[in-house]
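TrEMBL annotations:
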- 22-85: domain 'Pre-SET' (DOMAIN)
- 88-212: domain 'SET' (DOMAIN)
- 217-236: region 'Disordered' (REGION)
- 223-234: compositional bias 'Basic and acidic residues' (COMPBIAS)
- 234-250: domain 'Post-SET' (DOMAIN)
Amino acid sequence: QYSPDSVAGADGELDPTEITFPGCSCRRSSCELPECPCLSRGQNYSSLGLVLAEQQEQPFSRPVFECNSLCRCGERCQNRLVQRGLQLRLQVFRTARKGWGVRALQPIRGGSFVCEYAGEVLGFAEARRRIQAQAPQQPNYILAVREHLHDGRVMETFVDPTRVGNVGRFLNHSCEPNLFMVPVRVDSMVPRLALFAAADISAGEELSYDYSGRFHNSPGASRENKPPEEENSLRKPCYCGSRNCASFLPWDSSLFSSP
C-alpha cells in the first residue's frame, strides 16, 4: 500500500500523525530567527535545503524542527520542506544485481530534500518480532534509527515499509552514497526519516544512501570491527561496487537477539 507519509504500526505504540508540538505565533509568511521558536530549536534550512554534512563545523548534528499545522506562519514558510513531500521526478527501475532501485529523472542540487523513508512506525518489540519471523532469503525493509542525545539518552525509531510505504523503500545501499538521512520533526518527537542529496546528482543517476547512517566512508573504515564469522551467515552481500565496499549490507544485530 503506497503512503507518502509514515503511519502508526500494527502494535499501536507510536502514532506519527499525532500533533504534540506547540505552534509558533509568527505573523510573517516565512519565519525568521531569532523570533521563531521552531527555528531556534536546531539546525535550519538554507536556500538550497540542508547544509551538507562535511560543511558542518560541529562534530555532531543538530536536530531539525519544522513548523507544523499549529503554527501561524504561511504554507510557504522556508521552514516547511519535508512536510511538503516528494517534489522531484524519480523512477523505480530494475537493477542488474540489487533488485529494484531508484534513479533521478532530473538533476538534483546538493543539499536538496529528495524523499522520505516512510512506512509503519513500530516499537522495538514489534520490530524485533517481525525481523525474527522473516526467512533469511526475504528482503528486510525495517530501518532502525538511533539518535544519541547530549545527556546520554538514546532515542530509537523503527520504520517498516514492507506493507505500507513510499518510493524510499526501493532505495539501495551504497558504501559511497549520494544521499544522507536526517531525522526531521514536524508535529511530534516521532521523526520523519528524510533523505537529502549529499552532492549534486545528475539525471539518470541511481540514488543510494548508507544503511548504517554514515554520511561517507573513509578508506578502509568500513572493514574495521568485522562481526564474528557466525554472524556473516545472517548478513546479505553488498553489490554497491564502490571502492570501499564493506562486502556486506549493514545490519542491526540487537533486533536478532533474544529478549
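Cβ atoms here come from the backbone N, Cα and C positions, even for glycine.
Note: TrEMBL annotation is automatic and uncurated.
Quantities reported herein were computed from a predicted structural model and do not represent experimental measurements.
Mean predicted confidence for the domain 'Pre-SET' (22-85): the pLDDT average there is 88. With DSSP classes pooled into helix, strand and coil, the tally for the domain 'SET' (88-212) is 13 helix, 52 strand, 60 coil.
The domain 'Post-SET' (234-250): residue composition by secondary structure is 0 helix, 2 strand, 15 coil, according to DSSP.
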